[in-house]
Every structure is written in C-alpha cells, then in structure tokens.
C-alpha cells in the first residue's frame with residue numbers, strides 16, 4: 001500500500017429536516033386541529049481511529065464526505081427520521097486541523113478515539129408547536145438548519161516508541177528488519193527506503209515495542225533536500241532515537257563529519273527532536289577487524305565527547321542485536337513507556 005501522510009477533505013453534516021404544516025383530517029372530523037410533526041436532525045460527521053490503517057492514501061481518491069439529511073416531519077404529529085451519521089476511519093496518530101483557521105481540532109493518538117467534526121443541522125418545528133389559545137389553526141412551521149461544513153487537513157504522524165535515523169545505506173532498514181516484523185526493502189544502494197516503515201519488536205507474548213524506519217537523511221534535509229526531510233516529523237512521537245552509523249568507512253574523520261550532519265539536521269529541523277535521547281549504533285563491524293574497530297571507536301568517542309549510549313553491531317550478521325533490543329526494552333520499561 002502506498003504511503004500518504006497528508007490529506008485535505010471536505011466534511012458536510014446533514015441538514016435538519018423541515019417541520020410540516022398539516023391538519024387532522026378524518027372521517028367525521030373535517031376540520032381537526034394542527035398535526036404537523038417536527039423534522040429530524042441532520043446526521044453528524046465523525047472521525048475515528050483504527051489500528052489497521054497506517055496511511056491516508058484512501059483520501060487521495062475520496063475527498064468529500066456528507067452525512068444524511070434529516071427527514072421532513074409528517075402529519076399525525078410524526079417526527080421525521082434523523083439523518084444517519086457517518087464515521088470516517090483514520091490511522092492512529094492523525095492530527096485533525098481546520099484548514100481555514102489552522103486550529104488543531106484533535107490529535108488522535110488512541111485506538112478507537114472518536115471526535116465530532118461536523119454537527120448536523122437542527123430540526124424544524126411542525127405547526128403543532130405553534131398552537132395556542134389565540135391561534136387555534138396555526139399554519140406556521142420552521143425549516144431545519146443547515147449542517148456544518150468544514151475543510152479539514154489531516155496530518156499523520158506515526159506512533160512508535162523508537163525511531164531510527166542515519167545517512168542513506170547506513171544499515172537502518174537491515175537493523176529494523178532483523179529485530180522486528182517489518183518487511184523493509186534491503187539493498188546495497190542509497191535511498192532503498194522510500195517511506196516510513198513500522199515494525200513490532202516482540203519481547204514476549206505480552207510485551208513489545210514499535211520501531212520506525214525512515215528514509216536516510218543527507219545534509220540539507222531539514223531544508224527539503226533528499227527524501228528523509230518530509231518524514232522527520234514521524235520521529236516526533238518517539239521516546240528514543242537510534243543514530244545508525246557506518247563504522248566501516250576508511251577515514252574516521254568522515255564518520256565524525258557524517259555524525260554531525262545528522263545531529264545538525266535534527267537541531268535545524270526541530271529542537272524537540274534534537275533534545276530527545278539519542279543512542280549511537282555503530283554498524284557494519286563485520287567489515288573491519290577488531291583492532292580497527294577499537295581504534296576508530298576510541299577516536300570517535302574522543303571527538304564526540306560524552307554520549308548517552310553506544311553499541312557495536314553488525315545488522316546483517318545479527319551481531320549485538322539481542323543486546324540492543326534488551327537495552328531498549330529496559331529503557332522504555334523503566335520510564336513506564338510500554
């Protein structure tokens with residue numbers, strides 16, 4: 001399924017049904033009193049989250065949603081039927097924004113969360129309502145009111161406990177694929193990942209965490225260069241970021257430069273992202289010998305100064321993956337984030 005994280009839709013609530021003017025007409029009662037019923041209320045438009053969606057692609061093809069109008073009132077004081085509501089399903093993590101005012105109506109982060117986005121029109125009154133001691137045969141009835149109309153902007157921000165980031169071809173997708181159920185594409189060329197992918201990492205039959213893989217970042221990503229910039233927002237809800245680094249490069253100075261490229265892009269894009277816990281994951285240790293690893297790591301750590309956590313792994317050989325999964329789980333568990 002194609003990934004789409006922005007959409008604009010039009011929602012139209014149903015109009016209220018008009019009241020009716022009518023009079024009782026039965027055998028032997030040719031001139032009965034008023035018996036016009038009220039109309040029915042218009043249907044409402046709701047948005048509700050579901051777990052089986054992770055894209056807004058459906059709204060690329062269907063953009064207008066209209067609830068049913070209320071029925072007009074009937075004679076014999078019968079009320080018109082209320083218009084049926086409609087419930088539009090959206091992925092968890094969708095922000096609902098009024099397109100005209102930029103007001104955030106709701107940030108939908110819970111399963112089965114339901115929010116009213118367009119209220120149906122109020123019913124009109126039948127002429128029975130206007131009977132009085134001074135007006136025995138009222139002919140007046142009122143019309144139902146129009147339902148609300150709104151233009152909504154939907155913005156999906158995926159929900160994951162952990163997010164991965166790094167340069168293209170650093171091994172992010174291989175890591176995510178080998179520790180979770182994610183079916184990410186893997187190949188030895190840059191920009192293999194073209195859209196965010198979520199994977200579930202199972203700890204046991206009850207406990208798990210969700211990890212997000214976004215396209216690789218390059219210098220200038222925060223200003224729109226490359227593929228990853230448009231997906232950086234999907235890291236905003238993550239509690240922990242894993243910075244995946246290719247340690248197999250010949251010149252360790254290039255490694256240092258690449259690390260700072262990613263950190264600078266985070267800071268430029270969003271200080272919230274830059275201030276999140278970031279663990280450094282040095283990947284591709286299978287491509288160099290232990291002496292080179294230790295020499296490079298020592299030089300890198302000296303240049304970086306204090307860092308929160310670091311790991312040495314080979315994502316493709318699955319070396320060190322159990323350790324990092326355990327550390328992530330402990331981190332999330334200790335902070336009551338699971």
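Cβ atoms are placed via backbone N, Cα and C, with glycine included.
Not measured: the values here are computed from a predicted model.
Per Swiss-Prot, the features are as follows:
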- 1-159: domain 'Obg' (DOMAIN)
- 160-333: domain 'OBG-type G' (DOMAIN)
- 166-173, 191-195, 213-216, 283-286, 314-316: GTP binding site (BINDING)
- 173, 193: Mg(2+) binding site (BINDING)
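Over the domain 'Obg' (1-159) the predicted model carries a mean pLDDT of 95.
When the binding-site residues 195, 215, 284, 314 are screened for a Cα within 10 A of the Cα of residue 173 (Mg(2+) binding site), the ones that qualify are 215. The binding-site residues 169, 173, 314 differ in how many other CB atoms lie within 10 Å of their CB, and the one with the most is 173. Note: residue 284 (GTP binding site) has non-local neighbours 171, 246, 247, 248, 314, 315, 316, i.e. same-chain residues 6+ apart with C-beta under 8 A of its own C-beta. Counted over every protein chain shown, other Cβ atoms within 10 Å are most numerous around 172 among the binding-site residues 172, 195.
Neighbours of residue 166 (GTP binding site), defined as other CB atoms within 10 A of its CB across all chains, total 26. According to DSSP, residue 314 (GTP binding site) sits within a strand segment. A simple way to gauge crowding: the CB of residue 215 (GTP binding site) has 25 other CB atoms within 10 angstroms, across all the protein chains here.
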